[in-house]
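These notes concern the structure reproduced below.
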Amino acid sequence: MTQASAAPLEKTALESYVALAKPSLIGLSRPELMERLGGIGVAAAQRKMRAQQLWHWIYVRGATDFAQMTSISKELRAQLAEHFTVDRPEVVTEQISNDGTRKWLLRLPSGQAGERAHEVECVYIPETDRGTLCVSSQVGCTLNCSFCHTGTQKLVRNLTAGEIVGQVMVAKDRLGDWPMAVASTQDAGENNRLITNVVMMGMGEPLYNFEAVRDALLIVSDNEGIGLSRRRITLSTSGVVPNIFRTGDEIGVMLAISLHAVRDELRNELVPLNKKYPLKELLQACRDYPGASNARRITFEYVMLKGVNDSLDDAKLLVKLLKGVPAKINLIPFNPWPGSAYQCSDWDQIEKFSEYIFNAGYSSPVRTPRGRDILAACGQLKSETEKLSARERDALRAMAMTD
């Protein structure tokens, strides 16, 4: 029996998505596209070719309407428009930070008349050598991590594969990142991309929505479509142990662990999921992760909380804990949000912590806070349906200016 089949699958109990009256083709696999084409009368002999044409128009050209798909007959385009859409999530607001970070509030189509539409946030972080898109996997979150703003919003539902891929497509739309003039991804070139990396670090726990996240990332990494290398896709989990091996085995992307503490007692408080999957089990799952090596290290994220987890004793325990794991440690200065109970560690303490880890042989970059002024930094995402009061917004601006 393999490790993938030995462990029970971990899923959220909440499954409240309702199918749309006119479903989107975004997020479907090629076999699923062929099945939908068969459902509207496309001959079996033509389905594979037509599905490939749709795949190209949706994921290479970024078509937003069937009318744009000129290599498909008018008759079939009319049939497609009658039964399906290629709609993305609706952009409700776009905020641009002083540092160039962009945050989009996206409204998802409601499943039925009268149902309240749900919203998620998606963030684009431009840097000199890359452009990283931070994507959400759930509306809200169930984990209740005490330092995370998203954790103050209850879990509403999982996103579909189409809604996850749709975030990438919205970002490419807004940034003008589609190679509209080329016929294949080989001609598009990696160097011309604005979105070079995707991180599953937005709202929600990706491994509590495993199947949809898997299906979405396989589409994003498909080399006949969006074509992002799996080495440029990182999935971050708080430690849903049964699905960690599956992530490497079935998706093959880079893994990041939201660690944040080196003792179970403290991690139980910061990341309550630790009560179910304690550090010993989590670290063993990391050692068993398929493909992990010095060339494909696992990233451990560690938020720096003043007087909580930032001592040199914590740094020593961290080095001991990661023995035998090909790892790098990302130190994250705590990003404040209204009502948070924590403060960011002093900068000199962060540097001492980083230096100790580096001298022990681990890469230990300190993440530069991005988008704090628009509540787009790590741990700050939350649907705008959970409205901030004017007082909270003023407090946020003050915190951003102070830091």
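Glycine is treated like the rest: Cβ placed from N, Cα and C.
Features as listed in Swiss-Prot:
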ACT_SITE  Glu121  active site, proton acceptor
DOMAIN    127-375  domain 'Radical SAM core'
DISULFID  Cys134-Cys378  disulfide bond
BINDING   Cys141, Cys145, Cys148  [4Fe-4S] cluster binding site
BINDING   Gly204, Glu205, Ser236, Ser258, Leu259, His260, Asn335  S-adenosyl-L-methionine binding site
ACT_SITE  Cys378  active site, S-methylcysteine intermediate
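In the three-state DSSP scheme, Gly204 (S-adenosyl-L-methionine binding site) falls into the coil class. For Asn335 (S-adenosyl-L-methionine binding site), other Cβ atoms within 10 Å of its Cβ number 26. Cα-Cα distance from Cys141 ([4Fe-4S] cluster binding site) to Cys134 (disulfide bond): 16 Å (rounded to the nearest whole number).
Here the recorded positions are Cys134, Cys141, Cys145, Cys148, Leu259; the one with the fewest Cβ atoms within 10 Å of its Cβ is Cys145.
In terms of C-alpha distance, the listed binding-site residues Glu205, Ser236, Ser258, His260 place Glu205 closest to the residue listed as 'active site, proton acceptor'.
A gap of 10 Å separates the Cα atoms of Ser258 (S-adenosyl-L-methionine binding site) and Cys145 ([4Fe-4S] cluster binding site). Within the group of recorded positions (Glu121, Glu205), the Cβ with the highest number of other Cβ atoms inside 10 Å belongs to Glu205. In the three-state DSSP scheme, Glu121 (active site, proton acceptor) is classed as strand. If you take every residue in the domain 'Radical SAM core' (127-375) and average the pLDDT, you get 91. Under the DSSP three-state reduction, Ser258 (S-adenosyl-L-methionine binding site) is assigned to strand. Around the Cβ of Ser236 (S-adenosyl-L-methionine binding site), a 10 Å sphere holds 22 further Cβ atoms from the protein chains shown.
On a Cα basis, Cys145 ([4Fe-4S] cluster binding site) lies 11 Å away from Leu259 (S-adenosyl-L-methionine binding site).
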